[in-house]
Every structure is written in structure tokens, then in C-alpha cells.
Amino acid sequence: MRVQSEGVHERWLTKPDPSLHTSIFINIGPITNHHPFSPLSPSSISITFGSHNRRWEGESGITGCYNVSLRASKHKQIIQSQSSFLRCNIDRFNGSFLISHKFNTKRVASAISEQPVDPDPTSPQQSVPNALNAFYRFSRPHTVIGTALSIVSVSLLAVQKLSDFSPSFFIGVLEAIVAAFFMNIYIVGLNQLSDIEIDKVNKPYLPLASGEYSVKTGIIIVSLFAFMSFWLGWIVGSWPLFWALFISFLLGTAYSINMPMLRWKRFALVAAMCILAVRAVIVQIAFYLHIQTFVYGRLAVFPKPVIFATGFMSFFSVVIALFKDIPDIVGDKIFGIQSFTVRLGQKRVFWICILLLEVAYAVAILVGASSPFLWSRYITVLGHAILGLILWGRANSIDFESKQAITSFYMFIWQIRDSGLDR
């Protein structure tokens, strides 16, 4: 028994029985859309068993005709059985086709275009990497890395002798980094929740702006991480650590949330002061005191390296506060964010930032040159001189028409900030 489709193909569904002395085949009429992967059209099926015609109706309301001519009545049951078997195979064929139609179509399109087929993002193999990638972008990793390195470097300023590198020191540093990481996720996440429409213009790759995260998901994430940050700060029992988290929470909320008297990011000077307070003062002073007073149990004294590091990072924090708005000028103009870039222009703010950084490096070179230790003088002077030259060279090659180039330079500022040579 064979299946024949006009213009498509034919195949045997059962092995012919020579004892029946009859021709048994199915003729499938023209397929209306002529698609190579179209399912068989039941309305065009006719079954022929010799030359005698009868009509039949299938279980799903399908009608057709078939012809039967038999030499012996004993073959009727066999013919009926083969006819039912044939109809069952056709239904099974159509069902199998419908299940695999989308898969086959994608493979044919891939073969024609000679491009690999993208994996299904809903598959278990892809869902976990996609979720991790979305959270990675949501966390704004350059801020996480910058905070972690600042905590480590300022904690080292509390070390006075080799024996200070004890397990309690490393545990104290780890507690500070994890608690600050949780709070950092809250602050950057709240900012994204408040800036969804702006980020659709300025940063469409962020999960909330792109639609990968719903608003409900964003609220759950920031609430959970704020709770975990305060919980960890509380159970650790370090008041400098807890107050650092609490003040960061207050300033981060006031900076972003859209409520009366808040959303301080709308005002350029206030926004810069918020970033300066968190990045330069709180991170430097509070986390130093966490190690100095809570871990080591010493008096709260501020040696010259701590004062210098706080002053140096103040320059960088002001630069970050100014520079972060340069790539976002389009969206800020549309939504009425009066940043310094919107008010003064990209080029002017850019060169103000470069001037501030070069001044910071010049001060660092002078301080390093006055060090009583020869090795410290060489490292500090040469290190900051090299960074200053690299900064100046890159600044003179910037393309202000390219948002990608400006964003890349902004990331470069974070990299030199975290180089550790300012310590």
C-alpha cells in the first residue's frame, strides 16, 4: 500500500499483499499552499481498491471515496483492516508533522542562510546562563568591582604590622565587601527602577529597560538585597559598618526615588554631592574604622595615608559624578534631567573631568615625592606619572560623536580609579 501526493512524494505505508490481486493506493490531491512542509490535506484524499466506488467519512469528519474490487469475500476483513491502518498512519504522519513543523522550518532557513540556528532561550541549557547574564548587567559590575577594591585598599591602611594579617582581618574585610555588595545592588537597582523610560534611550541593554525584568521582579530584587545588607551589618555587630550601610541607603534612595523633595539626581550639584559622600567619604572613612576599631579594637585615629586617600578619591568621585552623564545626554535632555552635561555641553564637562584627574595625579606625585621611604617615592611618583600620561593620551583621541567611545572612556576612568596606585 502506498501514499501518493501530486507534486510532492509517495511512500508505502504497508507492504503489498500479492494474494489480494488488487491495486491499493491513496491519491492525495493538490496541496493548496504548495509548501514542502505542509501537512497532508485530508479533504483531498481518495482511496482506490480496484474499480468499485464507495464513500466514507472519517472520525474527524473527513470524507472521501474509495473503490473496491475483490475476487473473494474472505479478503474483505483484510481490506478493511488495511484501510483503517492506512488512515491511522496518515493521521499519525500529520500529527508528527505539526509537532516538528517549527523545528524543521528553522533548520531549513538556517541551511539556506548558512547561519547557525540560535538556541532556544527557554531551554534549560540556556535559561540559567541568560538569567546570570541579566543579573550581571542589572548589578552594574563596574560599581561592584570599584566598591570591593576600595574596601580592600582602605582596609590595608589599618594594617600596622605583619601579624595584623590574621583570620579576623580577612573575615572582617569579607563581611564588609559582602554587605556593601548587597547595598550596591539595592542602590543601582533602585536607580534602574526609577529610570526605566530614560534607560530605554540611554541604556537599552539593561534588564528593566529591555523588558527582561518586570517592574515586580526589580522591586523584589532590590528589596531582598537591601534586607540582606542590613541583616548582615546587624549580625556582624560593627557600628561603623552598619552606619556606612544605612547612610548609603538613605543617600541612594534620595538620589533615585521619584518622590516629593527627593530624586536628587535631577539637580546636578546635589547629585554630585551624593556620589562624593558615598564613594569618597563613607567608603574610605567608615570601612577603615570598621577594621581599625571593630576588627583590631584600636582607637579611631586617621593617619596621613587615610587622609590622602580620602582627598584623592574625592577628586575621582567628582569626576565620576560628572562624567557618568556625558554618554546619557540624549535621554537626560528628553526627560528633563538638568545634569552638568546638559547645561554645559559634552566637551566642556569632559575636559573639566580630565583637568580634575590630572590635578589629582599631580598632587599624588608631590605627596609621593615627600615620602621618607625611597621605594614608596619611586612607586608613587612613577605610577601616577604614567597613569597621568596614559589618561592625557586617551583623552586627546576621544571621538565625541561616538557614544561607545565615550562610554569606554568612562569605564577606563573606573579602571584607573581602582588601580590601587592612589594608595
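Cβ atoms here come from the backbone N, Cα and C positions, even for glycine.
Residues or ranges marked as transmembrane segment by TrEMBL: 144-163, 169-193, 213-234, 240-257, 269-291, 306-323, 349-369, 375-393.
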Contact between the transmembrane segment (269-291) and the transmembrane segment (169-193) (at least 3 Cβ pairs under 8 Å, separation 6+):
yes
Compare 169-193, 240-257, 306-323 by their Cβ pairs under 8 Å to the transmembrane segment (213-234) and return the stretch that comes out on top.
169-193
Looking only at residues six or more beyond either end of the transmembrane segment (169-193), which have a C-beta under 8 A from one in the stretch?
138-140, 143-144, 147-148, 151-152, 155, 159, 199, 206-209, 215, 218-219, 221-222, 225-226, 228-229, 232-233, 236, 238, 241, 244-245, 248-249, 252-253, 255-257, 265, 283, 287, 290-291, 294-296
